[in-house]
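J.: Just passing along the structure, written as structure tokens.
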């Protein structure tokens with residue numbers, strides 16, 4: 001009886017059609033007129049957005065007015081690829097993760113190895129002194145890098161933010177960064193104000209980010225009003241870099257040539273804590289909670305939002321048929337040296353952590369350190385004609 | 001409603017904080033939008049929840065080109081033109097030669113009022129075409145409509161088109177569901193439309209949920225074609241090889257009126273009013289929404305010093321044979337009416353017919369190395 005009442009309410013609201021034969025199979029037995037056609041789709045949103053969940057969530061919105069249709073638009077518009085499963089939805093604000101939990105919880109579980117945010121807690125640990133063996137053999141490791149994102153609590157995220165909010169994110173962040181000193185002292189380059197000379201320098205340093213062209217981002221509304229309130233900050237030594245208002249409020253990057261991941265991670269943690277202290281002095285804070293860790297635009301970046309990686313040369317190992325399995329068991333992923341969705345050049349790979357949520361920053365960077373050291377050991381063995389072993393997968397995987 | 005929720009939230013920021021940076025922009029919206037207008041309009045929304053920021057987003061995201069003046073805004077529904085008239089009226093005036101808020105637009109789809117048009121020389125005029133758009137009353141427009149609305153529009157369109165008979169008997173091909181064979185045929189016929197890639201359209205939200213509820217209908221003779229849910233609810237096209245614009249226009253008017261009848265029977269007339277004529281997504285298409293044109297060979301005239309001036313005086317525009325923003329190939333141009341609002345369908349097609357006839361005559365003179373100076377027309 002209550003199911004019929006629910007149906008009747010949806011019919012009155014024009015969300016449910018009595019004509020269930022319209023378009024055949026894209027309309028289920030409920031006849032939802034608004035339910036997206038996800039028949040060709042391969043992304044996490046499409047896997048979990050049942051008509052029942054859609055019916056339950058479709059007329060809810062966050063306090064700022066962000067809706068389910070907005071959150072899933074990118075996944076509807078980008079069916080995905082049979083081999084690559086994207087997330088297929090974004091958050092427009094911190095409350096998205098609560099209001100649309102019926103959809104996001106299972107997506108988070110799928111994307112983050114069964115992490116159940118209703119029962120588990122996420123550990124945050126930015127004490128870089130705990131990292132050990134973080135210096136790589138520089139005959140193999142060409143560069144080391146750690147990145148994460150941070151969102152400013154109280155302001156909507158890039159898919160939903162207004163121009164005023166975006167400009168406020170810029171103001172708050174630039175203000176905080178201006179307080180950094182010593183090896184972290186640096187300068188802000190606004191995308192709308194930079195000179196041609198500055199732009200060329202940033203391109204040469206490989207720091208400049210472009211207006212997003214990926215439809216995954218544009219369909220989510222993240223390129224609106226470009227380049228208003230977007231910019232790049234970096235320290236004078238060019239080892240600590242912050243992107244403002246690209247895919248997240250801020251992306252924080254620590255990097256340097258060579259294999260000193262320990263120093264990279266030290267600077268990363270120090271810089272992040274300094275920036276946090278600065279914004280707190282002005283009454284702001286980062287979006288964080290103990291279930292989901294740091295809140296970012298894409299559910300795939302929840303938790304630590306951390307990707308720690310190296311560019312490493314592995315000519316023999318990369319040709320070994322066991323390479324992929326070894327990476328899997330080490331909880332590492334490979335990318336080309338141009339970043340996500342690029343191919344490797346020669347035998348130099350970008351190797352980084354797969355996981356983001358459920359383990360701390362220290363744990364994940366340690367995983368990368370241990371894993372890369374193992375890969376280098378394999379490479380050295382193969383050089384000497386010795387055999388290598390595929391490491392056991394971690395417990396619970 | 002959720003959309004109004006977001007606009008209410010936005011109101012806690014000041015107009016100055018929200019006002020877009022238009023310093024590098026060259027489009028009609030950027031020329032007209034002042035902080036005063038923005039402040040006056042930002043608290044409003046249409047009954048369906050469309051706001052001034054929604055109207056202008058495409059113009060903010062696409063600064064434009066120094067030589068080409070785009071409109072820089074779209075309507076989300078019929079009411080947009082009323083609720084945001086303080087912004088849209090001046091844009092309409094700029095785009096449509098000074099059209100005033102008090103002006104009335106005349107609709108004339110009586111093809112018998114067209115004089116001539118059946119004698120354009122087929123040695124020069126390769127093909128003739130008339131297109132327009134129509135919006136179905138009671139639904140929001142492509143920048144704003146939901147999947148449910150779009151599907152209902154498709155359903156109503158399929159039903160209406162299925163009632164056509166005789167020369168208009170045809171078939172509907174939904175984009176999501178056509179066979180490879182059907183797709184190849186539609187491509188060969190130059191009928192198939194693609195997912196919009198132009199940022200002018202994508203930034204306005206018109207490609208959302210592609211290809212859901214989009215499709216193409218055409219009659220068996222392939223001379224009457226309807227696009228469903230592309231840039232407008234409906235785009236209606238009549239075309240054929242050769243220069244018989246009279247016949248193309250006859251078919252155009254007859255088919256349109258038949259389709260309108262069917263929609264009216266289901267209490268879904270077309271959006272129209274006596275000030276703006278037919279209401280469409282882009283303000284540039286208000287009035288008749290009509291572009292009547294030919295592909296015509298004018299290799300000599302097109303390189304004549306006075307070509308542009310002749311076109312302007314005849315109230316015509318040129319495009320390449322690939323349509324808007326393409327170049328001409330082999331001296332063949334797409335020549336069509338420049339006006340949409342303030343003159344009727346018959347007026348506009350008459351201008352094309354008369355103008356093209358004159359230009360072909362000029363081309364013939366130039367072929368004989370004769371002067372065309374005494375043929376240059378006065379400004380229409």
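Glycine residues also receive a Cβ, built from the backbone N, Cα and C atoms like all the rest.
Heads up, here are the entries from TrEMBL:
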type	residues	note
DOMAIN	B:10-97	domain 'Phosphagen kinase N-terminal'
DOMAIN	B:124-366	domain 'Phosphagen kinase C-terminal'
BINDING	B:127-131, B:190, B:235, B:291-295, B:319-324	ATP binding site
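What's the neighbourhood like for each of these?
T.: According to DSSP, residue B:130 (ATP binding site) is assigned to a strand segment.
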J.: So if I draw a 10 Å sphere around the Cβ of residue B:130 (ATP binding site), how many other Cβ atoms end up inside it?
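T.: Total other Cβ atoms inside 10 Å, all chains included: 27.
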J.: Reduced to three states, what secondary structure does DSSP give residue B:235 (ATP binding site)?
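T.: Strand, per DSSP.
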J.: Would you mind checking how many other C-beta atoms are within 10 angstroms of the C-beta on residue B:293 (ATP binding site)?
T.: 26
J.: Are there residues of the same chain, six or more positions away from residue B:127 (ATP binding site), whose CB falls under 8 angstroms from its CB, and which are they?
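T.: Result: B:239, B:240, B:241, B:242, B:294, B:295.
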J.: If I take every residue in the domain 'Phosphagen kinase C-terminal' (B:124-366) and average their pLDDT values, what number comes out?
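T.: Overall, the domain 'Phosphagen kinase C-terminal' (B:124-366) comes to a mean pLDDT of 93.
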J.: Hey, what's the Cβ neighbour count for residue B:319 (ATP binding site) at 10 Å?
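T.: Other Cβ atoms within 10 Å of residue B:319 (ATP binding site): 18.
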